[in-house]
Amino acid sequence: MKRKKIALIGSGMIGGTLAHMIGLKELGDIVLFDVAEGLPQGKALDIAESSPVDGFDINLTGANAYEAIEGADVIIVTAGVARKPGMSRDDLLGINLKVMEQVGAGIKKYAPSAFVICITNPLDAMVWALQKFSGLPAQKVVGMAGVLDSARFRYFLSQEFNISIKDITAFVLGGHGDSMVPLVRYSTVSGIPLPDLVKMGWTTHEKIDQIVQRTRDGGAEIVSLLKTGSAFYAPASSAVAMAEAYLKDTRRVLPVAARLSGEYGIKDMYVGVPVVIGAGGVERVIEIDLNDNEKSAFEKSVNAVKELCKTCSALAPNLKE
């Protein structure tokens, strides 16, 4: 059986980490692409030379031309500028929008049947623009945000309760920014909702509020610690989980930035919601019931994304809202 082909557009910290993780899982042959000459080739060779030690059999190549992504089954986009201390994700918009236009054109020409995962920030606006620029069906273009934000939420909860991360389910709605909505009511420990655990004395409302805020600030916390860049291990793991669900048709329920077509009262916008990912891409959007507080927080998050998309349209007139 022919091996799958996975193209990684952007060979920085996330791109290199993605290549290594995908290699270890043997999900398919890998093409690392970057505009910087030598960077994708060097990383591809370095990771390939680890394969005899780690015992994985895949082909790894590096390239500076979009022709190399031709026929890719999955494309993961990390190209663009990363955050530095003091920057918000939104500060990157103007620069990275131009990058998305180039990437979208490359995908449209060489890999129009691919499943595309965008990681570039500001995420919700960039994946919206990338889908427009590429012309791919909306169900085949998604943004990686919710899996990462939910993972951070789950990790912080596991630390608070001192229990296995495997027993915690939690997810985050909305945009990938300061207005994201970690859903406390829908988060559980072995099926026990967080509000019930507060009643049982496991934690307090104040501590849960602190964890929610730390989740919102999760990316900024790492940026301030690293000082020279942003997170790359957890974002890469999150994107691999999404790619694997598509390639293996596991129909996993994952929170991703997906284009909505009336769900949650929203049309033609990418926002973080739980979806089913399988061989068809986004096979179903799960519309959960929100109370008044959750609705209000979600609407605030959606409005923040809407403003970013308006800015994108002003900067690139060929984008239509």
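Just so it is clear, glycine is given a Cβ too, placed from its N, Cα and C backbone atoms.
Going by Swiss-Prot, these are the annotated features:
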ACT_SITE  His176  active site, proton acceptor
BINDING   Gly10, Ser11, Gly12, Met13, Ile14, Gly15, Asp34, Asn96, Ile119, Thr120, Asn121  NAD(+) binding site
BINDING   Arg83, Arg89, Asn121, Arg152  substrate binding site
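Among the binding-site residues Gly10, Gly12, the residue whose Cβ has the fewest other Cβ atoms within 10 Å is Gly12. Around Asp34 (NAD(+) binding site), taking its Cβ as the centre, 23 other Cβ atoms fall within 10 Å, counting all chains. Per Cα geometry, Arg83 is the residue among the recorded positions Arg83, Arg152, His176 nearest to Ile14 (NAD(+) binding site). The record assigns Gly10, Ser11, Gly12, Met13, Ile14, Gly15, Asp34, Asn96, Ile119, Thr120, Asn121 to the NAD(+) binding site, and the maximum Cα to Cα distance across that set is 17 Å. Its own atom aside, the Cβ of Asn121 (NAD(+) binding site) has 28 Cβ atoms within 10 angstroms in the protein chains shown. Between the CA atoms of Arg152 (substrate binding site) and Ile119 (NAD(+) binding site) there is a gap of 16 Å. Neighbour counts were taken at the CB atom with a 10 A radius for the binding-site residues Arg83, Arg152; the maximum falls on Arg152.
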